Amino acid sequence: MLFVAMGTYYKKPFFKVASFRRFVSLVSVTLIGALLLILVLRTNSVSTVVAPPLNEVYDYTSSENFKLPKQNEMSIQLEERNRLPPRNVDLFPNLTQDHIVIVLYVHNRPQYLQVVVKSLSHVVGIKETLLIVSHDGYFEEMNKIVDGINFCQVKQIFAPYSPHVYAGGFPGVSLNDCKDKDNATEKHCLGTPDQYGNHRSPKIVSLKHHWWWMMNTVWDGLEETRGHSGHILFIEEDHFIFPNAYRNLQVLTTLKPLKCPDCYAANLAPCDINSKGEGGNTLVAEKMGNVGYSFNRTVWRKIHKKASGFCFFDDYNWDITMWATVYPSFGAPVYTLRGPRTSAVHFGKCGLHQGQGNNGACIDNGVFNIGLEDTDKVTNINSEWSVRIIQQQQGYKAGFRGWGGWGDERDRQLCLQFAKMYHSTNTAGSRRVELSTS
């Protein structure tokens with residue numbers, strides 16, 4: 001009786017417990033599945049590298065990871081202008097598939113710029129590509145000259161953090177900035193001197209700032225070029241470009257991986273700016289020059305990884321910084337491929353911020369003539385030519401510490417920010433900057 005009673009007593013709860021266990025199992029499986037789905041979604045949102053949207057320029061000043069100077073009205077206006085599409089698209093709607101983008105890097109020498117623009121207008125193939133003009137700040141006369149270009153697609157960009165844009169503070173001149181060889185402690189002024197005891201000069205440091213900002217913006221910031229996988233040609237406002245330059249460069253960039261796989265770049269002109277080439281029927285591999293140089297994104301990535309070395313080397317010249325510290329860090333000679341005859345010449349005779357006005361004093365006393373021969377107007381590079389390597393090249397020896405002018409910690413940090421500004425990762429609603437300095 002007791003047994004039956006006990007059996008009856010335990011049997012009924014057994015079915016209740018079993019049903020309850022099945023219910024709990026079902027709910028548990030459902031919850032685990034939901035949690036796994038949420039986890040996967042969150043993991044994807046955290047780990048995905050997000051490039052800046054095509055129609056957005058991030059306001060990095062709002063992030064604790066970025067310490068760019070607070071923008072004034074002019075800086076904001078220039079950055080907005082940088083988002084404008086190229087002009088003359090209606091006249092030249094199609095860029096060729098293998099086009100080489102041309103970047104013209106200018107300061108404030110309108111007399112020079114007029115010469116360069118006129119030379120570009122005669123370049124064979126110029127209508128097939130995009131010309132980007134990068135300004136160190138805003139100068140109305142320079143802007144008007146570029147506005148008059150009608151021979152190709154053209155886009156203007158303006159350095160929004162140029163010292164020329166900031167009249168009352170860094171990166172321009174601050175009232176309490178140290179000057180010349182001031183002792184910061186005694187004068188109670190701001191600034192860290194270079195290795196020679198000299199404090200920063202805004203119009204001088206703008207050289208290096210502009211070049212580095214331009215490189216980062218062209219390769220990684222602009223909608224028109226951040227997906228460009230080919231070469232980009234860089235020229236300056238005192239470089240006269242020959243009619244055959246673009247066609248020659250197309251040949252050189254095609255031959256480079258075949259004839260000189262160790263070459264990093266292709267140049268329009270010899271490294272020695274006073275040379276017009278050796279002539280003959282041989283390609284030349286030599287030290288990369290600073291007149292009409294071109295390279296691709298692979299090389300840019302190598303350069304960008306050396307941002308720390310570039311930004312902390314005490315020399316206000318971007319090219320000397322590259323020759324003295326960045327290129328040597330690659331571990332092997334940095335060669336460029338060029339033809340035996342130049343396709344560009346350097347004609348500047350004035351300082352960086354001269355060449356203004358109409359007195360003509362900066363260009364051969366008002367007369368500027370380049371003696372072009374017939375061979376300078378057509379492609380004059382043969383794909384069958386061999387390559388002569390110039391191994392003994394003049395350069396800066398180990399231990400060279402730079403010519404100075406770049407000792408202020410604020411300039412160095414601003415330089416680093418330019419290297420970071422287009423490299424962000426979206427992590428849980430915040431932006432994390434990742435930069436390799438190895």
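Cβ atoms are placed via backbone N, Cα and C, with glycine included.
According to TrEMBL, the protein carries these features:
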- D136: substrate binding site (BINDING)
- C178-C189: disulfide bond (DISULFID)
- D238, H346: Mn(2+) binding site (BINDING)
- C260-C263: disulfide bond (DISULFID)
- C311-C415: disulfide bond (DISULFID)
- Which has the fewest other Cβ atoms within 10 Å: C178, C189, C260, C311, C415, the disulfide-bonded residues listed? C189
- Note on the structure: Rounded to a whole number of Å, the separation of the Cα atoms of C178 (disulfide bond) and H346 (Mn(2+) binding site) comes to 35
- Message: Among all protein chains shown, how many Cβ atoms are found within 10 Å of the Cβ of D136 (substrate binding site), not counting that one?
- Response: 26
- Query: When you measure from the Cβ of C263 (disulfide bond), which residues in the chain that are at least 6 apart have a Cβ under 8 Å away?
  - Reply: K256, A285, Y335, T336, L337
- Note on the structure: Integer Å value for the Cα distance linking C415 (disulfide bond) with the residue listed as 'substrate binding site' is 15
- Relative to the Cα of C189 (disulfide bond), which of the binding-site residues D136, D238, H346 has the closest Cα? D136
- Item | Residue from D136, D238, H346 whose C-alpha is spatially nearest that of C260 (disulfide bond), among the binding-site residues | H346
- Query: Could you state the CA-to-CA distance between D238 (Mn(2+) binding site) and D136 (substrate binding site) to the nearest Å?
  - Reply: 15
- Message: In whole Å, how far does the CA atom of H346 (Mn(2+) binding site) lie from that of C311 (disulfide bond)?
- Response: 26
- What number of additional C-beta atoms lies within 10 angstroms of the C-beta atom of D238 (Mn(2+) binding site)? 24
- Query: In whole Å, how far is C311 (disulfide bond) from D136 (substrate binding site) when you measure between their Cα atoms?
  - Reply: 18
- Counting every protein chain shown, other Cβ atoms within 10 Å of the Cβ of H346 (Mn(2+) binding site) number 18
